[in-house]
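Here is the structure we will look at.
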Amino acid sequence: MECLFIIWALEKLHYYLYGSVLEVITVFNAVKLVLNMKTPNRHILRWHIAIKEYRGNMTIVHKAGNISKNAYGLSKCELPNTSDNTAYFTASSETQIPIEGINITDVGAEFL
């Protein structure tokens with residue numbers, strides 16, 4: 001799933017990212033392994049083709065979840081799979097940050 005979001009971000013932000021040096025920091029080591037496979041299946045091959053133009057300027061770095069706590073905390077905040085919900089992430093005893101859900105099927109439909 002995280003590979004799909006990397007592809008989505010590269011396509012949506014192409015105008016801003018193309019030609020820049022990129023560093024993708026992920027808590028899942030599988031992303032790095034999947035994108036560096038020698039013989040990928042057809043779905044992963046499609047991802048390889050989609051990011052081919054960025055590979056010279058993009059590095060994928062794995063950081064353990066306990067090191068990047070802000071991103072890890074947001075990824076563990078469970079939300080229903082609808083776009084009309086809002087949950088609140090409590091950063092401190094006084095601060096609540098609203099987090100809106102993303103409908104996964106809408107994002108996935110863009111790649112079909």
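Start at 1 and count along the chain as shown; that gives each residue its number.
Yeah, the Cβs are placed from backbone N, Cα and C, and that goes for glycine too.
No curator has checked TrEMBL annotations; they are predicted automatically.
Taken from TrEMBL, the feature domain 'Reverse transcriptase RNase H-like' covers 2-54.
Feature annotation from TrEMBL assigns transmembrane segment to 15-35.
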Query raised in the report: Going by DSSP, how much of the domain 'Reverse transcriptase RNase H-like' (2-54) is helix, how much is strand and how much is coil, in residues?
Result: 34 helix, 5 strand, 14 coil
Requested in this report: Report the mean pLDDT of the predicted model across the domain 'Reverse transcriptase RNase H-like' (2-54), rounded to a whole number.
Outcome: 80
